[in-house]
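Visitor: First the structure, which I've put down as structure tokens, then a few questions once you've had a look.
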């Protein structure tokens, strides 16, 4: 059969019979059926091949990684959907009717009927019936989903029949054929409606084992039409419009997007390269996205083609009938809708890929983190310029999750721009421009291509400047984070002004870089808006001046529209290439991390048959790694202490030959930095094994473990407790089945009952980020409780008694470490509490500098002289405590909030009152609802500038829009001139009428048109447009920088001088978020998005006004359409804002859990919880992807409706022009059609940008909120009756006089009627049980709490009459938690740079830290003061505490206050510090020490015993010891085990007196 048509394709306002019969009725339907059959066969054989490898079993968490791939990778194939059965039965009837019609035409057709086309329709209908029959039998449902085939074929048939019906009605077809065609059209209309509107339902219900998946998501069950128009989101959008969305309102995530499905599938990909693995994994999605992008690329160019035809009709109406003109107008509407649907589907497919890419990459990174080796990062010296590059730091790994995965996932949604949209649209646009402008059109496209490098260059320059901004921002955030991390140290020392100056200096650098960024952003935006004008100038120059062509209306404005369409891919390709390069770099960083060396734990501990625990001639070391030549890791909390380093070379444990006693208590002791923590980690297999062997029976597969008996796993309690941001109970139970009896026994053993009873939510209280809502002692006890509750056979404890008082330590040791819960377990206990532990342990290992100095039983080591025999003499004094003897709660360092109880109410630890508030309610980060308050917006606007500034801004926006309109009006005038001349030349009647009626001179000949004149004016207008655009942006950015600087300084001031209670109540992460993300939005996003929003808003107003002025009737339609726009935008804004906020909220748990895994990977591996944490991470990622995808679905929901309304704008504009043909001249019609064509894109950008501005204003609201927090009263609360002496305090006497205070007005007093004296130059100890109020007393001394009653005097001066700065300079407090800053030792010892090298070195020597830090001196440096860029990463906790004490001694304050400052220091060093304090007292320093180690204060001059916030006892040590057995101090001494030593020291002191 010959398919070539000799007649015209279009004849007499309809398609020719040749096209209808040969193509629409025959070739297209048969080809589609053949393609469908081939696709079905390919899918069938492919599915059969895959089915051979499917494991039909399924478990939510597989027992191994490989098994998880087999079990989950193909679950989606069991999820086949179908049209409801009722509709399928109707389908059968309709297709049988279609076949009957074909038979009827074959029998009764006339001579003019093409039988081939009728036969083709019969064959295609039979194929449709065959597909339907297979669908009904469900015989192939596991292999091929045939429902989409039916939908596509019905739609294709309906589309062809639409044109056939049009031709049959307007042509001379036979009556039977016309009727049959109309009936067929009706049948396929019903079929299409059935398939387009029918919801999809699961063929089979979910299996009970498929517990990973919940109900189908809305988009899975939505109809085809609903998916094309995103109507499946209607319920959610309406719900968001009526009320604020909550997480519970969100739809289920599509199971094909779940991490538990996509991650195992991705792991099954075979290629080595991560990039090609991603391409292979998403190949089908990329092809679908490419298909939609291709359809969109063709559809967007249909309007300018139709516009040209319409304008030609307007110029010469006789060229076509009016019905053809209306066909053009209808085509504008249809093309706009098709382009909108294709564009939305293309973007949606990209976002689906982005979500799955994020899930895949986060899973890859997360599982790698759980397998990564532990690396130690040291400062590299000048002799070693290149840092080892073997390991990523924690900060870099976190950046992989937060930054790099986002770069890659976002780029995956835009790949179509590079490989489809840009090349296809460029080719189509070039062809159309060539048809319009000839060679000049090609020149125009060539110019756009030639200017593309300029776009890329500016984009790269902007990226480079942005990188500098990020670097400066990182420095500023790091400085502010350092303040927040050490805020107590800074406030205690009155260093706010100094550290504020440091931050502001970083801020000034950041503002300078931001100024550069804004300048380049202005250049970029000016270029963005000016390049189309430049291309237009040069194209028209060649077209009119060089080649002297006539540029009429029908040529100029379609060309402008085409250039406008091409501008989008040309501008987006520049950004896409930049983002693609950035994503490629990020992908490389991720791949590099994934290729890092993993932990050797499983190889070292691979001997599963061994029952020994210990080392055999083992030498172990820490790998020394860096990442990106970064020398020092970020200051992140870790569950391990990689800090015991005697030299710049990695620390080593050398020649270990140890056999720990099974089922016994093994104690590891030694001085600070000797390697105790490292030995425990080496036992876990976390250190690199140089030679020898490590023995520790270990199973690392969670599903092989029993939950009701001891298992071959290890419970690990690091020195700095690893606490999850879960409830206290969840931290203890740690994903094991809950056993109430065992749980109660654990709480009893670790003395947590009273603490839990003090919380309103009991054990359902959230521990906070890193345990931020718990005190140090509470965190250690929760960590120990986790170990006891576990079924682990081996327990490793790292100094877990250092943060509790002696009574509590005594209770924990005998009830937990030596209690029933430890029976049958092997315990390795690294500790400094040798007096308590050694007399009762079974085996001892003495360490010094990484070597075993001695090992054996206590008796053996005493006989060898390695242990003091006095320690063993106190053995009988321990264990006298009765069960349940502890009776206090630890509140000194816990969160002081209205939710804390004042007394030990009788509360069930296992049940919480359901009417009580959510435990998170008091600590959740504020999340504003609805629109941002006007007061916040007004605050920001006022800081931008005075009234004259706003007048100037409005003027610049107005003049810029006026000039923009002038460019097109001038083109119109230019084109009109050509139109007039053309009409004059070819229409003598028109020429005579014009001359006679209008008395005008005869127009010039075409060659006499002053093209250069029009070109010159156009160039001038364009230059003015570029200038005012650039100037406007600079003016706005000037105000933005001013506002950013002012608001940030107010934020910094407000937080720095906030009350200490603010930092107790608000988690550090929330405060840091204000200084990082919110400030970034304030600095960079508000102004840029606001400019674009205001510009587009002004442009939209200008377009509507202009079109209405040319076509007044359009105003009627415009009113209704604008109302529809407003309605759609209003209901969209609420949902988009809520989804964005929910996504921000759900992002935090992902980052938090990742941080917890990063810092606790050692504990996770020890407890064999890797698979559990991976599953939890996948759930959190799904919770993040759900609002993310819904947010982008709402964007597409909006996009389709905006495009539809935009198409209506273009349709009505064209309709009114055709309808009012006589009153609208072609040039004006061309201009209004041009603006109408651009309206849809503009309104879409406006709504999206407006939503972004609303979301960004939320950050402004959050920042402004923190500028209004309650401040400390820096000025004196009372007016002094005399001037403060210059040398105050000269003596250092302290007096508490009936002092009473409380944390908040609604809480009971924490100190009540405190009265005692501290004589000048004396040393006074404050002791008491945990929770007695000791630490609160230190806060009172520096007015961290203000007096409610009574007073505190220093040298007779009421401290309320002294400014805070002066007071805190006079009184130096050393807190229990060591505060160490970034910078060298010099910067840490002397932040104000007031002391000499000699003074600092002497102070280091006094606290016994000098020898330790000398080993870190790089090269041949003579002083240790300039080494260690970040001491927190190189010093152990005890050494960091020594550094803080050295800083305190260096200040030489008259009053020194130590708040349990030596709790983490070994006894020998503690004794040395006490000797230093004695030396200080000789020069008149008053020392107040809060202590748990009573032996260290035995020679103090006075002891004050606190109990329940009151002074229970006071006097000299000897006086308190002489009291009867009911004396609190004496009982504390007995419980400490040092009573005899304390009595001896006290007697010697009293004897000296």
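Heads up, the Cβ atoms here are built off N, Cα and C, so glycines get one too.
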Visitor: Which stretch does Swiss-Prot mark as transmembrane segment, out of 466-486, 487-507, 550-570?
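Guide: It is 550-570 that Swiss-Prot describes as transmembrane segment.
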Visitor: Please identify the range among 90-110, 216-236, 237-257 that Swiss-Prot labels transmembrane segment.
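Guide: The listed stretch tagged transmembrane segment in Swiss-Prot is 90-110.
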Visitor: Please identify the range among 902-924, 925-947, 948-970 that Swiss-Prot labels transmembrane segment.
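Guide: Result: 948-970 is the stretch Swiss-Prot calls transmembrane segment.
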Visitor: Using a cut-off of under 8 Å between C-beta atoms, tell me which stretch among 286-306, 1017-1037, 1086-1108, 1113-1135, 1229-1249 contacts the transmembrane segment (324-344) the most.
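Guide: Highest pair count goes to 286-306.
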Visitor: How many Å separate the Cα atoms of residue 676 (ATP binding site) and residue 1085 (N-linked glycosylation site)?
Guide: 50
Visitor: Can you give the mean pLDDT for the domain 'ABC transporter 1' (635-874), rounded to a whole number?
Guide: 84
Visitor: Against the domain 'ABC transmembrane type-1 1' (293-582), which of these stretches has the most C-beta pairs under 8 Å: 635-874, 951-1255, 1294-1533?
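Guide: Highest pair count goes to 951-1255.
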Visitor: Nearest by CA distance to residue 672 (ATP binding site): which of the glycosylation sites is it, out of 176, 524, 1085?
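Guide: That would be 1085, nearest by Cα distance.
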Visitor: Indicate the candidate from 617, 674, 725, 1085, 1330 with the smallest number of other Cβ atoms within 10 Å of its Cβ, considering only these recorded positions.
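Guide: It is 617 that, of the recorded positions 617, 674, 725, 1085, 1330, has the fewest other Cβ atoms within 10 Å.
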Visitor: Find the member of 27-47, 114-134, 1017-1037 that has more C-beta pairs under 8 Å to the transmembrane segment (151-171) than any other listed stretch.
Guide: 27-47
Visitor: When the Cα of residue 674 (ATP binding site) is compared with the Cα of each of the glycosylation sites 176, 524, 617, 725, 1085, which one is closest?
Guide: 617
Visitor: If you count other C-beta atoms within 10 angstroms, which of the binding-site residues 670, 1328 is the most crowded?
Guide: 1328
Visitor: Just checking, which of 176, 524, 672 (recorded positions) has the fewest C-beta atoms within 10 Å of its C-beta?
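Guide: Output over recorded positions 176, 524, 672: least Cβ neighbours within 10 Å is 176.
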Visitor: So if I draw a 10 Å sphere around the Cβ of residue 1334 (ATP binding site), how many other Cβ atoms end up inside it?
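Guide: Other Cβ atoms within 10 Å of residue 1334 (ATP binding site): 24.
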Visitor: Have the transmembrane segment (114-134) and the transmembrane segment (27-47) got at least three CB pairs under 8 Å, pairs 6 or more apart in sequence?
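Guide: In this chain the transmembrane segment (114-134) contacts the transmembrane segment (27-47) - 3 or more Cβ pairs sit under 8 Å.
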Visitor: Between C-alpha atoms, which of these glycosylation sites comes nearest to residue 1328 (ATP binding site): 524, 725, 1085?
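Guide: Out of the listed candidates, the nearest Cα belongs to 725.
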Visitor: Could you check which of the glycosylation sites (176, 524, 725, 1085) sits closest to residue 1334 (ATP binding site), going Cα to Cα?
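Guide: Smallest Cα separation from residue 1334 (ATP binding site) among 176, 524, 725, 1085: 725.
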Visitor: Are there residues at least six beyond either end of the transmembrane segment (27-47) with Cβ under 8 Å to its Cβ atoms? List them, or say none.
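Guide: Same-chain contacts beyond the flanks: 3, 77, 120-121, 123-124, 127-128, 131, 140, 142-144, 146, 149, 152-153, 156-157, 160.
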